[in-house]
Amino acid sequence: MMRTFEQLTASQQKEVERQLQLYMTGAHEVIPPEELKAKLVKSISTGTPLKIKLGLDPSAPDVHLGHTVVLNKLRQFQENGHIVQLLIGDFTGKIGDPTGKSAARKQLTDEEVQHNAKTYFEQFGKVLDPEKVELHYNSKWLKTLNLEDVIELAGKITVARLMERDDFEERIAMQKPISLHEFFYPLMQGYDSVVLESDIELGGTDQHFNVLMGRHFQERYNKEKQVVILMPLLEGLDGVEKMSKSKHNYIGINEHPNDMYGKTMSLPDSLMKKYIHLATDLELEEKKQLVKDLETGAVHPRDAKMLLARTIVRMYHGEKAAEAAEHSFKTVFQENSLPEDIPAVNWKGEKTIAMIDLLVKLKLLSSKSEARRMIQNGGVRIDGEKVTDVHAKAEIRENMIIQVGKRKFLKLQ
């Protein structure tokens, strides 16, 4: 017989309350919170760890700080002895999650899915303990379903329920087609939770519909329903859009420490509190104190942002790299001097070359149009002198230093 909270010992009750507060802190929504508490009571009273699921569509494997909001929450469960279920949607990934899309997505090949899944797992090791992760591929069970199984699965949900998705409604309103196979994505994601018997599923707020499918199908298959924890979406460097590589407003966890530090320092002040709470591993009381100091003016926003930048770099590259990145930032931006470790390139090309062509050939910028925009915006300097003419020619000379933006430097030899 399952024990109630009141039947636990005082120390067990204290542990339930501690974990409950930990997991709910920073979450956008817990559905429903009373069931989360009940699951913790059962786990702590029986010594049975909970199974925490995170589903991944391996279509964009570069992990940035936006992804780590959910990963950091997952790590909290892992550190308290619960089982992390990383579900690679190698089967569903070939369909593509239509969430937030105004058109159907290109299907991935098996090779693309496997490569992206491997890349994901390697990067997640910077946040999670990979030795304590259960890695699952949903093709293991979805490939075994026959037509009768699929029809049975489809019969456990209505078309009206599937049409509640905002993106489907928008596409119908815009007279854009919806392929039948797209309806199966949330069905299969929900069925994953049935197979894994997950106790809790994590996701961003944009995954609200999909993760609730797990609860729906677990109930229809007479399983205990999972609790859903939705985490906030992290805005990118522009302070407006959700962090995304396609929006060019992201901080990648594999980026060079100097770039990571510099990008963090470019954040709008209005985002600092959110980043402190969602993107750092500081203790809860440290986070609260730092935010309080910001609000009262006890700490200057610049100093708080430097602490934020140093913390983020330290999390993914270590303390020494964080200190070096801070030193480099101070040297370049606060003392207006050049960094000490400017990479050098042995130039064997023309002695005179169009500035735009030079920037692209050196891979400082990815295209001529991007190089043109950077020059127009005053972001290119040669030996400290700003380049203002998009048609300018560069006269190549030894030890010439090219600066692009605030953080890219290159010396020609």
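Keep in mind that glycine also has a Cβ here, set from the backbone N, Cα and C atoms.
Pulled from Swiss-Prot, these are the features on record:
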MOTIF     58-67  motif ''HIGH' region'
REPEAT    89-94  repeat '1'
REGION    89-101  region '2 X 6 AA tandem repeats'
REPEAT    96-101  repeat '2'
MOTIF     242-246  motif ''KMSKS' region'
BINDING   Lys245  ATP binding site
DOMAIN    353-413  domain 'S4 RNA-binding'
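Through the fold, the motif ''KMSKS' region' (242-246) approaches residues 60, 62, 64-66, 206, 233-236, 252 of its own chain, all at least 6 residues removed from its boundaries and within a Cβ separation under 8 Å.
Classification of Lys245 (ATP binding site) by DSSP places it within a helix.
Its Cβ placed at the centre, Lys245 (ATP binding site) has 14 other Cβ atoms within 10 Å.
For the region '2 X 6 AA tandem repeats' (89-101), the model gives a mean pLDDT of 66.
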